[in-house]
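Participant: Annotation comment: TrEMBL describes A:64-98, A:165-199, A:268-302, A:303-338 as repeat 'PPR'. Positions annotated as signal peptide by TrEMBL: A:1-22.
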DNA sequence: CTAGGGTTAG
């Protein structure tokens, strides 16, 4: 049995796992909690969650903390968050108490199923059970607040932490950056550098760069880039390279983006997508299209984000026919249905160039999945081309869909001034937001 | 020998 247990722990392939599983059975070793735990771990590592679950269920009352923790963590790791939470519910039903291995995946699951109440409850558990001092647990609490955009809560957790590591600091940088508190993010980065014994690792840099990009501060970008080169050389990790391409683009240095792109050795789909959208943002639609073609030629399969990037590029450069052609071949060429974002891009593409009726037609064809951004794009086009007829339809529908979106009211009031027409009267003036806008306009 | 972190659009 010891030999088999050893074998199970060293398996790396599905077929080997199956053989070991069969052997365990033949030799009459099953059911046995050691072998079953090894099998559970093995199937989990191979990503065979269905098999893992079968082993887990057969363990009946032989389940221990180890096996519960493996099952919950495996579901969370494989993005099966709801399953992780169901297993945790069973776990609690058995009268068991979570430990410092059980808790971190639960925070991940809370974010995964987009239910912050679970994370809050788990935070309470962490405090009550006294796991705040475990850095991995504390970091997972921190991650939960960061991913939910609750920076002040994150700061609170951070300031109470007795022990921090690079993950802690990386999460704070990420949190500040996402909240738009870019100087705080940079401050964290510099403090991290000055802290003896704290290593700035490769996971830190994309978040720092992202924060710099939001600020648009080229000097800071160059400072961080210098750090990248000193620590990792020019042949950087894909995520760092991608962040550099993006951030130079956002700072207006397209040449630097291209330079990073050319010198990268580990390109992934994000790399191509980022470069395409940089060209798009700089109004270089032709370059975007060329790169898109090259990407496909090199065997990369565009995902929905890539297509949004290329359609946006076409829209900004007025490449109507090319955009239409790509849009219509999404399903046949890339194997997925166009998303609402893609429809919004197309409405934008058509509206910008004054094809307002065509845009309206497209919108009416997706009636069930129409979004505010689609009508917003159409409205913007109507304002641009001074078309009251379609503009009124767009404004009316936009207010039905998003009565609480203040920016729509602003757009409409600005549009009304440009149109010098009565579009504004079409809106629901009894709505509090509309009344607020009225007041502002009158003053 | 079971737990945690990064990059792309709008």
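Easy rule for this one: first residue shown is 1, then count along the chain.
Glycine too: its Cβ is placed from the backbone N, Cα and C atoms.
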Participant: Just to be sure I understand, if DSSP states are collapsed into helix, strand and coil, how many residues of the repeat 'PPR' (A:303-338) fall in each?
Facilitator: 28 helix, 0 strand, 8 coil
Participant: Six or more residues out from either end of the repeat 'PPR' (A:303-338), which same-chain residues have a Cβ under 8 Å from its Cβ atoms?
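Facilitator: Sequence-remote neighbours of the repeat 'PPR' (A:303-338) are 269, 272-273, 276-277, 279-281, 283-286, 288-289, 292, 295, 345-346, 348-350, 352-353, 355.
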Participant: What is the number of residues in the repeat 'PPR' (A:165-199) that are helix, strand and coil, as DSSP sees it?
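Facilitator: So the repeat 'PPR' (A:165-199) is made up of 26 helix, 0 strand, 9 coil.
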